[in-house]
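Chemist: In case it's useful when we look at the structure, here is the feature table from TrEMBL:
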DOMAIN    42-291  domain 'G-protein coupled receptors family 1 profile'
TRANSMEM  27-51  transmembrane segment
TRANSMEM  63-83  transmembrane segment
TRANSMEM  103-124  transmembrane segment
TRANSMEM  145-165  transmembrane segment
TRANSMEM  198-217  transmembrane segment
TRANSMEM  238-262  transmembrane segment
TRANSMEM  274-293  transmembrane segment
Amino acid sequence: MVEGNWTRVSEFILMSFSSLPTEIQSLLFLTFLFIYLVTLLGNSLIILVTLADPMLHSPMYFFLRNFSFLEIGFNLVIAPKMLGTLIAQDTTISFLGCATQMYFFFFFGVSECVLLATMAYDRYVAICSPLHYPVIMNPRTRAKLAAASWFPGIPMATVQTMWLFSFPFCGSNKVNHFFCDSPPVLRLVCADTTLFEIYAIIGTILVVMIPCLLILCSYTRIAAAILKIPSAKGKHKAFSTCSSHLLVVSLFYVSLSLTYFRPKSNNSPESKKVLSLCYTVVTPMLNPIIYSLRNNEVKNALGRTFHKAMGVRTAFCRHFEI
């Protein structure tokens, strides 16, 4: 609908991977469906195991459980619509649907950045102050830290989404991406967006860099503490408690930085789609795998939970046989 020289957009078209042949899109659908299901299953298992096993009721696994919740939410925001565009060619998304997707993308993304810094602080306290760790990371403190990790996503997502979607849109309504990310949607705006772009750049730098600096500070202190441990076995044990988190942080920040902090001359829409897949689809799948394979406590807990479930099933079957 036209108002003056502006077009009021009622829906957007996600270009996604429409430029690829149908056979390639079908292959991508099967690949991303597998990744999507593994992500949901893996993170759900982490949540269930850390709740069910008393050995995993420590602060570290409390934050890991929160992280898995965020990963599931992050994946649910992106993957279902992307799968729809690939298999059913359902490329349209309503104005409200696009705004909602962008809001929750920002919310889960910002919360994840802050929670990774909180998890690094937890590892710092555990390694540098092991005797005081249970007192410092008591249930009330860890609940406050978790809430403080989730909260920053709300104002950031609210301001950026409401501000962007208050602009008039004109001309094409085709979003050259597989979800409603800020840069491709911003290109469709027919108004001066300089102030918004400055805010978005500053906000992104703060959201990414402040948690990143906190993580670097924590791991600098952790490395210094590990180097002071006399035995090689003690050093290995201390490092193993934070190696999974360090690997997850590296994957997240490398893919995020390559997507949003590359020069525009090297940042074509197609390359950005590929890089965006890394932190929106691939990384959420890898995180539970990393924490399961590199963490003996989680592997043992998964085994105990499985045997317990099989025992209950066997007892249930015998009861009905009798």
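For all residues, glycine too, the Cβ spot is worked out from N, Cα and C.
In TrEMBL, annotation is done automatically, which means it is predicted and not curated.
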Chemist: Examine the transmembrane segment (238-262) against the transmembrane segment (27-51) and state whether at least 3 Cβ pairs sit under 8 A, considering only residue pairs 6 or more apart.
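Modeler: No, the transmembrane segment (238-262) does not contact the transmembrane segment (27-51).
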Chemist: Please check if the transmembrane segment (27-51) comes into contact with the transmembrane segment (145-165), where contact means 3 or more CB pairs closer than 8 Å and the residues in each pair are separated by 6 or more positions.
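Modeler: Contact absent: fewer than 3 Cβ pairs fall under 8 Å.
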Chemist: Of the listed stretches (63-83, 103-124, 145-165, 198-217), which one yields the highest count of Cβ-Cβ distances below 8 Å with the transmembrane segment (274-293)?
Modeler: 63-83
Chemist: Averaging the per-residue pLDDT over the domain 'G-protein coupled receptors family 1 profile' (42-291), what integer do you get?
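Modeler: When the pLDDT values over the domain 'G-protein coupled receptors family 1 profile' (42-291) are averaged, the result is 89.
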